[in-house]
Amino acid sequence: CFFPPECPSSSGKPNHADILLVNLQYVSEVEIINDRTETPPPLASLNVSKLANKARTEKEEKLSQAYAISAGVSLEGQQLFQTIHKTIKDCKWQEKNIVVMEEVVIAPPYQVENCKGKEGSALSHVRKIVEKHFRDVESQKVMQRSQAQQTQKETSLSS
């Protein structure tokens with residue numbers, strides 16, 4: 001079943017359908033169970049410029065990640081860059097420094113005290129993002145350690 005209303009989309013959105021792509025090189029046999037005679041509904045039109053912009057943006061983000069890796073930026077720096085970039089798109093690398101909105105520079109080791117720029121809302125906003133990022137990273141580490149300890153306890157109890 002490929003078309004609504006018989007098979008609604010798994011997303012639950014009306015006028016959407018799940019589309020399955022099958023690589024026919026791996027198909028050895030096709031059996032027609034039910035042949036349709038009615039014309040399927042027209043496919044939604046694609047916004048080509050929106051797709052091109054998304055592809056360009058994705059390419060820029062991947063090139064930025066590749067640059068950071070080739071420049072020897074630490075994993076912590078790369079993760080912080082990605083966190084900031086989610087909130088503030090105007091974020092780029094300048095050697096190993098993160099430059100945000102052309103106003104704030106974050107130098108290695110990428111902590112709050114490494115955020116430099118003209119005092120104001122931009123600097124304070126970036127500092128808050130950096131603080132939250134490292135709080136989240138720390139709480140994630142604590143959760144992982146706790147889960148590892150719980151798994152270790154369960155393993156030793158079952159032995």
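From the backbone N, Cα and C atoms, a Cβ is placed for every residue, glycine too.
In TrEMBL, annotation is done automatically, which means it is predicted and not curated.
Residues or ranges marked as domain 'AD' by TrEMBL: 44-138. For 140-159, the entry in TrEMBL reads region 'Disordered'. As annotated by TrEMBL, compositional bias 'Polar residues' applies to 141-159.
Mapped onto DSSP helix, strand and coil, the compositional bias 'Polar residues' (141-159) counts 18 helix, 0 strand, 1 coil. In this model, the domain 'AD' (44-138) carries an average pLDDT of 94.
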